[in-house]
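Heads up, the thing below is written out as structure tokens.
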Amino acid sequence: MSILYCLDLIGVAVFAFSGALVAGKKGLDWVGVAALAAVTALGGGTLRDILLNKDVVFWMKDPTYLWLILGASLFTMMYVRFWKPPFTTLLYADALGLALFTITGAQIAENQGMTGIIVVLMGIMTGTAGGVLRDVLSGEVPLLFRSTETLYSTASAIGIVCYLALQYLGCAKTIAAFIGIFIVACIRFFAIICGLRLPAFHVANEEG
């Protein structure tokens, strides 16, 4: 079992947890919880594999992902029944999933022989697309697009660039991956705590 595969499984579990939490906040039934957890956990990787023209999408050839999502959904429903999670639980779970999926997505694109810019884009998409689909399906403006939200895709981009730069400087791929995950998570956590965000773009309305 490779390090990349283990990290991917952890990312799926964390994102499934965040999707199930959102489903619970929206009062969805058990099927809705499992569906939203699956979309959150698999959405980014599915789009990545389609764009990379892979023969089979990753979760279709390995049912472990689906069982893991089901388990994470059941765990979340049991967890919130006995303990009420604070609002920040979703943000921190999403941040951890973002960090894991960003770097694993970048590694998969890298293993396919993609150029640096494509590796960055695939990593960002893997880390963010599932959360976007989760928010859209639950009737919310995606975290990725909220002007009031703290640094999100920026954290992914910085982490991937650091991951690639470390390899260029001679760092082992596995070590570079763990450092990249750490950087993405730290930037996102720090942004949540300190309220760091990119400036919003506004166009003034013409008068008269």
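Glycine residues also receive a Cβ, built from the backbone N, Cα and C atoms like all the rest.
TrEMBL has this to say about the protein:
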type: TRANSMEM; residues: 5-24; note: transmembrane segment
type: DOMAIN; residues: 6-78; note: domain 'Glycine transporter'
type: TRANSMEM; residues: 30-52; note: transmembrane segment
type: TRANSMEM; residues: 64-83; note: transmembrane segment
type: TRANSMEM; residues: 89-106; note: transmembrane segment
type: DOMAIN; residues: 92-167; note: domain 'Glycine transporter'
type: TRANSMEM; residues: 113-131; note: transmembrane segment
type: TRANSMEM; residues: 151-169; note: transmembrane segment
type: TRANSMEM; residues: 176-198; note: transmembrane segment
Stretch among 5-24, 30-52, 89-106 sharing the most Cβ pairs under 8 Å with the transmembrane segment (64-83): 5-24
Cβ contacts under 8 Å made by the transmembrane segment (30-52) with residues that lie 6+ beyond its boundaries: 8, 11-13, 15-20, 22-24, 58-59, 65-66, 69-70, 72-73, 76-77, 97, 101, 105, 108-109, 112, 114, 122, 125-134, 137-138
Reported mean pLDDT - the domain 'Glycine transporter' (92-167): 90
